[in-house]
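Annotated features, as they stand in TrEMBL:
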type	residues	note
DOMAIN	A:1-102	domain 'HPt'
DOMAIN	A:303-551	domain 'Histidine kinase'
DOMAIN	A:553-685	domain 'CheW-like'
MOD_RES	A:H45	phosphohistidine
Amino acid sequence: MMDQFQETFREEAYENLALLESALLELEDEPENLELVGAIFRALHTIKGSGAMFGFERIAAFTHDIETAFDLVRGGRMRVSAELIDLTLKARDRIRSLLEEEPTGTLDPETRQLVEGFRRLLPGDDQRGGPVAEAPPEHCTEPVAYRIRFAPHPGLFLSGTNPVLLLKELEELGKLTVTANTDQVGLLDEIDPELCATSWDMVLVTDRGMEAIEDVFLFVDDQSEVRIQPIETEPDGAAKRLGDILVERGDVDQNQLEALLGERKMVGEILMESGLVSRQKVESALAEQQQVKEIARDHSQRESQGSLRVPSERLDHLVNLVGEQVTVQARLAQLALSLKIPALSAISEEVARLTGELRESSLKIRMLRIGSTFSNFKRLVRDLSRELGKEIELVTSGEETELDKTVLEKLNDPLVHLIRNSMDHGIEAPERREAQGKPRCGRLLLAAAHSGDSVHITITDDGAGLDTAAILAKAQEKGLVGQNAQLSEKEIYSLIFHPGFSTAKAVTNISGRGVGMDVVKRHIEDLRGTIDIRSERGQGTTITVRIPLTLAIIESLLVRVAREHYLFPLGAVHECMFLTSETVANAHGRQVVSLRDKIVPYIRLRDRFAPAERRPSLEQLVITEIDGEKVGFVVDHVVGHHQSVIKSLGPAYRKVEGVSGATILGDGTVALILDPSKLYQAEQLQEKAA
Amino acid sequence: MLTCTFAPTDPERGDGEATLHLKGRATIETCTEFRDALRAALTGCRNLTIDVSEVEAIDLSCIQLFCSAHKTALNQGKNVTIANPQGEEFTASIRNVGLTCTLPGTCQGDPDHFCLWGNPEAICRREP
């Protein structure tokens, strides 16, 4: 059971660390932003508190010192410095590593060094390393319970102050429980009715912070007692025991309490009977206990209602089931079409509608905002800029764009590579930029946007742009192209995706090992995506990555060759046209067609998949775009649009070039999903070999 | 202005039960005369009922006097109850001050009696 809790803690800690990182990076730009300081403090406080609760002692101990520093910042006793942010970012990385390590034990030297770093940053009096008194955040969003004791000066009425109005003001701040203490009210013979003998114990649950409460008592004279204390909740969310509350309030001594607890009665009863505390004091403590219980209950209800943590395997299973249903629905539709029974057709249409909605909804559950990935890059850009001695600003847009969770996870590494490349090879050193009349600080724009059933991610830098001459020279040197080859700009750019290609003069640990861009391209293609480069010398480079929204179901174009069906991802298809035997004859044996005055090469799918079959006299041509070039694929017949549930091929077929998966059609037959880019590459290789 | 009228609840029975009828505003301006009326009333009876049906306003200075009267009565082995506290003005004032008690016992630590304000709307409602 503990393992399960620890796993939950880890998951939440990762989320908090991500929040911490993005807040720290923002704080670097806005060091005076107290809301960010509050957010950082809360993230640290949660990690520390839950860490201690679930046995992550090392994390709790380590985080305590960082939290102390940010508590001082919150209290205005320490300033946000570059050193503090650096140290906290390092500490954040360390906590991440500690999450994977043994939870208990002593702190290792690296962690201790960080702790010492934090302690050195603390102002003189706070370098002791002990716990610092906690005050809840001033601008907290979570409600906090406060214990308020108000014992007015007896002359309060004479000064014209109505204490009930103060209570009403407090009520406006949140949920208030008031208990009046009248134990000081004297007998009729001795009472001066013009003097106030009543005091109050209150519990206020508010998200307005301590300052707002203090403001209510701003005009109460100094002789009145006003005590405002945040109520510490127990780590497990349980309410405090009544006796503990009364001890904390100073109404009863710990020793007296322990002496009385020997009696087996309710503690409130014992205390009242003993005369140590009045009924009203007990009543007030009970009210506090109740309030804290309610906060804990509200909190857990909000947590459970707001979101639901579900293992991603369950979602995968759900999507698989929906996939099966899409297939079954296609079969039903086909059956209804062939039987021509109106009632069956109506049901089939209804099932189709529901299946469509179910598909949309289940795929939506897996969608995550790309913003979380983008915010990871802020740290990358910050650290790399320093390492490279460059000044680079990362600007992001389209953070709200959503992508399938699996796609997003697999996209991370290629994007890191592309960003590193832009920073290392693209954006120039500040001096060089200035000499060229550019601002010292380079700009890297990371943008995401939806386009049909795919997402476009662009990485734009305002750096030097690609040096086509250098790329060509390098390619010639490596024998990738002939010495006299005449290549278009686009073709030259595509050379950088060739394995082992790099023009960097010096190999840095950031990029320049020539292992990057080909791997990037492969990863993107594995995601059924494409990558495209546009560049202008001296102005910068834009890399566009197009990725399908999901890997589970794709929109595709269904075609037939002989008796088999195949599918082209719809995103890759530009247009379809007829290919007559006349056009074929006019090409004099070359597999090309003229499309709006441009020569487009084509590949016969029949040659690849059904060579024995005789081809029809009128064929159809599916025109696709591969690396910016149009390439045609000849098929017997274009059937039309198809929604395909992707089924991966078994290990034996995984290496078949040009096929990325399979799907089941409405009639139960299997159709292969083609990868036009791989098919074209395989064809080119064959030609070369021939 | 506050008028306090004291009279035996049932003059014929002479059982020491008396009612103090309040009419008007029980506030800081009238609290001294209210105290004096309470003192006099408690001296002249064993069980005192304070009828608040015609109280137009009450503030903390006079609310304290109710507590004081209750304590004094218990001290003398007498009793004080409140009659007709159903007026919104009265009950709201008591609630606003925070005098809503649920536990047995008084603020003086007397476990055998309820606080005067212990659930005033239910316990103390009595027809005159």
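Cβ atoms are placed via backbone N, Cα and C, with glycine included.
Since the structure is predicted, the reported quantities are computational estimates derived from the model, not experimental observations.
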### Other CB atoms within 10 A, centred on A:H45 (phosphohistidine)
19
### Task
Can you check how the pLDDT averages out over the domain 'HPt' (A:1-102)?
82
#### Entry: the residue listed as 'phosphohistidine': secondary structure state under DSSP, collapsed to three categories
helix
## Note on the structure
Residues in the domain 'CheW-like' (A:553-685) per DSSP class, helix first, strand next, coil last, are 27 helix, 71 strand, 35 coil
## Note on the structure
Residues in the domain 'HPt' (A:1-102) per DSSP class, helix first, strand next, coil last, are 85 helix, 0 strand, 17 coil
